[in-house]
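Colleague: A single structure is presented below for examination.
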Amino acid sequence: RDYNEKFQYASNCIKTSKYNIVTFLPVNLFEQFQEVANTYFLFLLILQLIPQISSLSWFTTIVPLVLVLTITAVKDATDDYFRHKSDNQVNNRQSQVLINGILQQEQWMNVRVGDIIKLENNQFVAADLLLLSSSEPHGLCYIETAELDGETNMKVRQAIPVTSELADTSRLAQFDGEVICETPNNKLDKFSGTLYWKENKYLLSNQNMLLRGCVLRNTEWCFGLVIFAGGGPHGRTKFKRTSIDRLMNTLVLWIFGFLVCMGVILAFGNAIWEYKVGARFQMYLPWDTAVDSAAFSGFLSFWSYIIILNTVVPISLYVSVEVIRLGHSYFINWDKKMYCAKRRTPAEARTTTLNEELGQVEYIFSDKTGTLTQNIMVFSKCSVHGRSYGDVQDMLGHKAELGECPEPVDFSFNPLADPRFRFWDAGLLAAVQLGNPHVHEFFRLLSLCHTVMSEEKNEGELYYKAQSPDEGALVTAARNFGFVFRARTPKTITVHELGHAITYQLLAILDFNNVRKRMSVIVRNPEGKIRLYCKGADTILLERLHPANLELASITTDHLNEYAGEGLRTLVLAYKDLEEGYYGDWAERLRRASLAPDAREDRLARLYDEVEHDMMLLGATAIEDKLQQGVPETIAILTLANIKIWVLTGDKPETAVNIGYSCKMLTDDMTEVFVVTGHTVLEVREELRVSSLPHWKAREKMMDGSRSMGNGFSCQEKLCSSKLTSVLEAIAGEYALVINGHSLAHALEADMELEFLETACACKAVICCRVTPLQKAQVVELVKKYKKAVTLAIGDGANDVSMIKTAHIGVGISGLEGIQAVLAADYSFSQFKFLQRLLLVHGRWSYLRMCKFLCYFFYKNFAFTMVHFWFGFFCGFSAQTVYDQYFITLYNIVYTSLPVLAMGVFDQDVPEQRSMEYPKLYEPGQLNLLFNKREFFICIAQGIYTSVLMFFIPYGVFADATRDDGAQLADYQSFAVTVATSLVIVVSVQIGLDTGFWTAINHFFIWGSLAVYFAILFAMHSNGLFQMFPNQFRFVGNAQNTLAQPIVWLTIALTTVVCIMPVVAFRFLKLDLKPELSDTVRYTQLVRKKQKAQHRCMRRVGRAGSRRSGYAFSHQEGFGELIMSGKNMRLSSLALSSFATRSSTSWIETLRKKKSGDSSNASSPSCGADKTLKV
């Protein structure tokens, strides 16, 4: 320890918390004041402390500010408390550390680099360790890495032979080796280092390492040397913001600019008034001592009005938005219809900041395996030495017809067979029993060439732990056909071949990776013969075969194409005999390459490539990965919602295309499916241009048309762009694009990416095959960059993480490939079909609620604040407020906060069933119709209109009004009470009109807020408060006296009616003349309810006469074709949504074309092609 301390290695204490008791207040406040809004209100508070300019008490700003800061601080403190709790739980775990030759209990946080630790079975690994020795033979140990990558399969690790003998503490205490290795990084599958001990050096790899967070399994004990301490590197997650967030920030800046403009106008007014009028009243309205001119008075008035009018940018806006998002997240978490009972997995919103963006998605990028499919692999077919096995056979050995249910193959002869395995072709078992040497060698390869771990709990009960479902399926198939993988050590593999135990010497494993796309083992059989067995992707292995295999390779390729056409995952199997002398030379070169200090991986790859040539073909396997339940229906409905789905997969094109047909992405109705497989830039460019030929022709036709219109104005270009978009929309649904990984690499180059995007966006379906994780992220980034559309990526494996992080929204499927995708995602659930509900119900509702909330919020604050602006023209621009300061303080945090929160959390336009039945309802979110700059200005205009009436109607009435006793009514406080009461009633009625879905909570909050307003109003004007605080509550009985006058209530009623009636009239006319689709759906729902009620009445009464109906005459043309295409088989009303809304969605169509035209001008002429409206 003393020696290692001088290097100042990282401590093993982890710290994910941000604060402690001392630093919490300053650090948290510093973070909160980095928000522009909080800093702005702090600035206002400072202004209010200056007596010369403050016309409001300081508490009107400090109360809301402190409330917001407190709520945020409590939330941050709670989060940090749980982080502290988690840190302490981990740091205080106990570990046995070898100190001065004695094992001592130490907390994890006290473990140091260079310590030797003893681990026992089922214990967590305290730090990154170099395995020195274990209780198992050959220094083996078994670990589970679920906390690192989510995989529950056991993995094997092995100590290097020279340290595996250090099994007791006395010998370990004398261990004085020195390790030189790479710096800590986030690569879980790679490690490079060297151990120097006793004047020798030994290569260290990932197979010798136990990483922190792993659990020791099936191993009594092991010793390890701490290489790295601490929690390891933590990548900084990119913070995702929604488009509404970005728009809101822009609007707040605009509002601030508007505020400054109003302040300038009123300041000029003050200066002019003081110069022309105020100078005459200096005797009894003298200027303050600091004011020496009308201009300086105007300058001070500017700051006073900035304080008074600051409520146009309410501080409660940001807190309210977060509360609403939190509520939406809980709705997702609590949704029982997104709960998978089989896996006991609920849906989870892992972020609260992106919910409304779920209602605006235009592109979905999906992985295939484990996302669209179940990732439960079943050995389905195989090709052995030119003969295909696996077709379902009837009793006579003929291929079974559709509908027949033959018996599966009987494996009762094999006591070690897996009872869950099913195979339908008895011919393969017969070939095994007849001793066919090719079939025997085929299954021998499957039982030897893998990295599966075998566990035997009871005699004959084998459990395989495979790193991938594919490997498990292949080894299980070999097991059932009599080649049972039984056990392995670092140097041997034991297989029971047709009942005989045979042990093979394992000489080398040439492991699989994404570049090699193959795996090999070199074994020596009991007769001493050395053989290499290899399995891998057909594109790789077929070019590494011996020339003598040409005919067999041709037959096997036909079988592979047949299997891929059925959507099966294929592998090719081959072997090669090695001479003893050659192998000895190759093994020595391999040893030297593995010890090389630099370019080690490149040297090893070259040696692997050398030995894996001139192999003999054995055959091929085909594994079935079935579609998840509900995938075709989900894709069909999402397509009707105008969402484009691109599949990005590592599978071969044939398999991916077949899955595309299975899940209804590709259909036989398509004009053509373009396949791009070019190997060079020129080939890919040519194939893309052939694919986009119909679209180029459309463009040329439009260009010719625009030129023929003559006269050379620049509007020709606009006409061309907008009309071209509509032509591309008309043909976009007829094509699909399939592109290979090596072609995609060229297509994503800077000079070709736009051409690729243009072609892809003009196609209804896009499938990218054989793609790497990086390419997945690049495709998503390309669409984000040029289309300006909201993207969603969904996947289930570690290879999908980069794509999930790149997209606007990442969704993780908690499947069989671990939880790395889930950990990187913003949302997670267990089945692809839940995506439909996440977007069409939760996403659409979240977007709708947030938009309605923002529209109402800006409206009510402008209506509230602008009254001060109008009053300025009647009070000599003196910065006198209309309302009393308590009303100003409580308006946003008490009187109007809860009703708008209830609407933002609970509102809905149509029920969830209708949201699923009518996918077209999703389109307003994609087009950003419900809250944009235009809607914002409409809300502001309505707020200003309300404020004008709110001020001038009471002002006009009060000019000549008298009380019941004949006294003048027009005093300042009576006017303030009347305007304030009118305002609260008007905004309460307005939110009642805006609320589309009433709950008990809405009623309670809206009418409760009104009741609270009157209760507080009467309390503040009561005699009791005046006696306690005579300087604060001076106007005793004002509210009671004012509201006792009938003319005041008539004024309030008139103001309310005049403010609300235009809104009601406009909405009525819009509903009648130009209804939205949601209005049509609601109307349809009401009609159905009435028809059901009438039908029940008619059934009770009974009816004689003809049973014929007029239903046949209500059909619309094209329904028969729709039924024949199968697109309406999900829901009967699904088709209804696609044709019943033609008239009501014409405005959406027009806007979509306009938007497409704008985006195509901004990026490329063809990018508008994806804005297709499918009706």
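Placement of Cβ uses the backbone N, Cα and C atoms for every residue, glycine included.
Annotations per TrEMBL:
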- 2-62: domain 'P-type ATPase N-terminal' (DOMAIN)
- 41-74: transmembrane segment (TRANSMEM)
- 251-273: transmembrane segment (TRANSMEM)
- 293-319: transmembrane segment (TRANSMEM)
- Asp367, Lys368, Thr369, Glu471, Phe512, Lys535, Arg569, Thr649, Gly650, Asp651, Arg770, Lys776, Asn799, Asp800: ATP binding site (BINDING)
- Asp367, Thr369, Asp796, Asp800: Mg(2+) binding site (BINDING)
- Asp367: active site, 4-aspartylphosphate intermediate (ACT_SITE)
- 822-1075: domain 'P-type ATPase C-terminal' (DOMAIN)
- 853-874: transmembrane segment (TRANSMEM)
- 886-906: transmembrane segment (TRANSMEM)
- 936-955: transmembrane segment (TRANSMEM)
- 975-993: transmembrane segment (TRANSMEM)
- 1005-1026: transmembrane segment (TRANSMEM)
- 1046-1069: transmembrane segment (TRANSMEM)
- 1152-1175: region 'Disordered' (REGION)
Colleague: Can you tell me how far the Cα of Asp367 (ATP binding site) sits from the Cα of Asp800 (Mg(2+) binding site), in Å?
Modeller: 7
Colleague: Using Cα coordinates, what distance in whole Å links Arg569 (ATP binding site) and Asp796 (Mg(2+) binding site)?
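Modeller: Cα to Cα, Arg569 (ATP binding site) and Asp796 (Mg(2+) binding site) are separated by 18 Å.
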Colleague: Would you mind reading off the Cα separation of Thr369 (ATP binding site) from Asp796 (Mg(2+) binding site), to the nearest angstrom?
Modeller: 8
Colleague: Using Cβ atoms and a strict cutoff of less than 8 Å, what residues sit near the transmembrane segment (936-955) while being 6 or more residues removed from its termini?
Modeller: 251, 854-856, 858-867, 869-871, 874, 882, 975, 978-979, 982-983, 986, 1051, 1054-1055, 1058-1059, 1062-1063
Colleague: Pairs of Cβ atoms less than 8 Å apart decide it: which stretch in 853-874, 886-906, 975-993, 1005-1026, 1046-1069 has the most with the transmembrane segment (251-273)?
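Modeller: Of the candidates 853-874, 886-906, 975-993, 1005-1026, 1046-1069, 853-874 scores highest.
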Colleague: Could you give the residue numbers and ranges of same-chain residues that sit at least 6 residues beyond the transmembrane segment (293-319) on either side and whose C-beta is under 8 angstroms from one of its C-beta atoms?
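Modeller: Residues 35, 37-38, 40-41, 44, 47-48, 50, 52-56, 61, 64-65, 68, 71-72, 248, 252, 255-256, 258-260, 262-264, 266-272, 274-275, 278-279, 287, 857, 861-862, 864-865, 868-869, 872, 877-879, 881, 888, 891-893, 897.
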Colleague: Should anything in the same chain at least six residues away from the transmembrane segment (1046-1069) have a Cβ under 8 Å from its Cβ atoms, list it; otherwise answer none.
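Modeller: For the transmembrane segment (1046-1069), the sequence-distant neighbours (Cβ-Cβ under 8 Å, at least 6 residues beyond its ends) are 942, 945-946, 949-950, 953-954, 957-958, 961, 964, 969, 974, 977-978, 981-982, 985-986, 989-990, 993.
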Colleague: If you average pLDDT over the domain 'P-type ATPase C-terminal' (822-1075), what do you get?
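Modeller: That region's mean pLDDT is 90.
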Colleague: Taking the transmembrane segment (1005-1026) as reference, which of 853-874, 886-906, 975-993 has the most Cβ pairs under 8 angstroms?
Modeller: 886-906
Colleague: Determine the minimum-neighbour residue: among Thr369, Asn799, listed as binding-site residues, which Cβ has the fewest other Cβ atoms within 10 angstroms?
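Modeller: The binding-site residues Thr369, Asn799 were compared, and Asn799 has the fewest Cβ atoms within 10 Å.
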Colleague: If you skip the near sequence neighbours and keep only those at least six away, which residues in the chain come within under 8 angstroms of Phe512 (ATP binding site), Cβ to Cβ?
Modeller: Arg518, Met519, Gly536
Colleague: Give me the count of other Cβ atoms within 10 A of the Cβ belonging to Arg569 (ATP binding site).
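Modeller: So the number of other Cβ atoms within 10 Å of Arg569 (ATP binding site) is 21.
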Colleague: Using Cα coordinates, what distance in whole Å links Asp796 (Mg(2+) binding site) and Gly650 (ATP binding site)?
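Modeller: With distance taken Cα to Cα, Gly650 (ATP binding site) is 13 Å from Asp796 (Mg(2+) binding site).
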Colleague: Where Gly650 (ATP binding site) and Asp800 (Mg(2+) binding site) are concerned, what is their Cα separation in Å, rounded?
Modeller: 11
